[in-house]
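First up is the structure itself, then whatever we jot down about it.
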Amino acid sequence: MSEPDTGTNAARIAHSYKQLKEDFVSNLSGGSVIEVAHVCAVAPVVTLLWSVLQSRQYFFKPYTPLAFVIDYLLNVGALLLSVTLYSSSPILLSILLLTAAAFVYAVPPSSSSKKKQVKPPTATSNAKSASSSSPSSSQGLSALSTKPFLTNYRGNMMVVTCICILAVDFRLFPRRFAKVETWGTSLMDMGVGSFVYSAGIVASRPLLKERAEGKTTPLGTRLIRSFRHSLPLLALGIVRLLSVKGLDYAEHVTEYGVHWNFFFTLGFLPPFVALFQSALAVVPSYAGLAVLLSVGYQIILETTGLKAWILVGVRDSLLSMNREGICSFWGYLAIFLAGQDMGMVVLPRSLGDSSKTSAKVLLTKMGTWAAAWTALYFLATDFRYGAGLSVSRRLANLPYMLWVVAFNQGLLFAFAVVDAMFFPQFYSAGDARAEKEAYETATSRVLKAYNRNGLAVFLLANLLTGLVNMTVPTLHVGGLATMGILVAYMGAVTGVAVGLDAWNVTIKL
């Protein structure tokens, strides 16, 4: 009789611990928008410090083991500190980083670093290069460019995402940073929206190529291509669903529903984006489409019983069991479209302009868009001068969409300012080789690896998160052990990402 009793007790303990973990991430109300901004501001500050080290001391070229360690400590370690040990004082962390940047900037460049620095090409050298280049090299500078600040932005977004998906299971990670239950804002609520927004930015590249070549792809062809992109993500969604149910893994049902998960949301975006692209003939702006879609969705929420059904409806059918994921999809689609609109701004190059003119025009456009989206968010949420609506990631409503877009546009603008300040030579490159060298100089190897292999990194982070949760009682782990686990976990993820990049293997999201 002892063996069955032992087995029963073990099963009871396992069930109670699973319930404890589910309760740990349930019924949360989040924190303030300002606090989320303070935490995320650490990322561009770190990039500023990295840029000072590179532009003044050429510290990361050649990329030695010491350079990799410093690169990891700055672009991964500092962000890890911002959501753990410095979670209550992110401004202090930013001040410490800015102080270090000021100190490094005050130190005169060494003679060896001066020899390694890349001099920006002059107008004369550009003209000579253009006149003497072969047809193939003259075509090297295409209508689109891969700008360093976009890599830094997307790389930082992936780093924070990977940190949070495991850190949220430990008590050291503040509960106000975890996803809210229904109403409110938090760091992880911003993270999931930022993931979609950044995907929208890079998704505009094929569209810009078509425009540059004067081509128009029929709707049927666009749909076929979009389904090809969707299939791997939908397959991953099915795998995650089966693994979560099969392993009896702790899950938060009100996040997406009983069966739905974030991979399904990502997987269904491409075909719907292809459909909405046809609407550009009527509304010639992705930003306009995003606003119209989100406003229409909000009107339906407010004037019908949809909002009540999503929040408190009975789960008695496949549709109702997954209502959060299905209905919030429209909000994420609007965020994706807004990201595409910004991609139309930041991806094209300004051929024929000087470096200062090119950077100034780009920064002006980005700053204007950031201000416009911020104003819209204010009008949607302010109780005195606006509509007084509350943010809900669970609904992915209009305020949530505007918050995500405004926040990311402001963050992207901050990275662009740092880029223009310390690496103006990128914008004055006269040929593809010079531009590539300027890009490599201005970009962290760690962040480039995270950006280039987003899908592989995200999958690995999810697998390691599941492994840790299945082998470690995360709720009972102390602060020091938590930091040790998180540092080792991010070290493994970063090592794989940099390794894939070094072997020139690309698995994009």
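Each residue, glycine too, has its Cβ placed from N, Cα and C.
As written in TrEMBL, here are the features:
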type	residues	note
TRANSMEM	33-53	transmembrane segment
TRANSMEM	65-85	transmembrane segment
TRANSMEM	91-107	transmembrane segment
REGION	111-142	region 'Disordered'
COMPBIAS	119-142	compositional bias 'Low complexity'
TRANSMEM	259-282	transmembrane segment
TRANSMEM	289-309	transmembrane segment
TRANSMEM	329-347	transmembrane segment
TRANSMEM	359-380	transmembrane segment
TRANSMEM	400-423	transmembrane segment
TRANSMEM	454-472	transmembrane segment
TRANSMEM	478-500	transmembrane segment
Segment proximity, the transmembrane segment (454-472) to the transmembrane segment (33-53), 3 or more C-beta pairs under 8 Å: no
Maximum Cβ pairs under 8 Å to the transmembrane segment (478-500) - stretch from the list 65-85, 91-107, 400-423, 454-472: 454-472
Remote residues contacting the transmembrane segment (400-423) - C-beta distance under 8 A, at least 6 residues beyond either end: 33, 36-37, 40-41, 43-44, 47-48, 51-52, 54-55, 147-150, 152-153, 156, 185, 189-190, 193-194, 196-198, 290, 294, 331, 334-335, 338-339, 342, 346, 359, 362-363, 366-367, 369-370, 373-374, 376-377, 380-381, 391-393, 438, 441-442
The transmembrane segment (91-107) versus listed stretches 65-85, 259-282, 329-347, 359-380, 454-472: most Cβ pairs under 8 Å: 65-85
Contacting positions for the transmembrane segment (454-472) when only residues 6+ beyond its ends and CB under 8 Å are counted: 21, 154, 158, 161-162, 165-166, 169, 232, 236, 240, 243, 247, 249-250, 485, 489, 492-493, 496-497, 500, 507-509
Beyond the flanks of the transmembrane segment (329-347) by 6 or more, those residues with Cβ under 8 Å of it: 144-145, 147, 150, 193, 196-205, 207-208, 265, 268-269, 272-273, 276, 285-287, 289-291, 293-294, 297, 362, 365-366, 369, 373, 395-398, 400-401, 404-405, 408-409, 412, 416
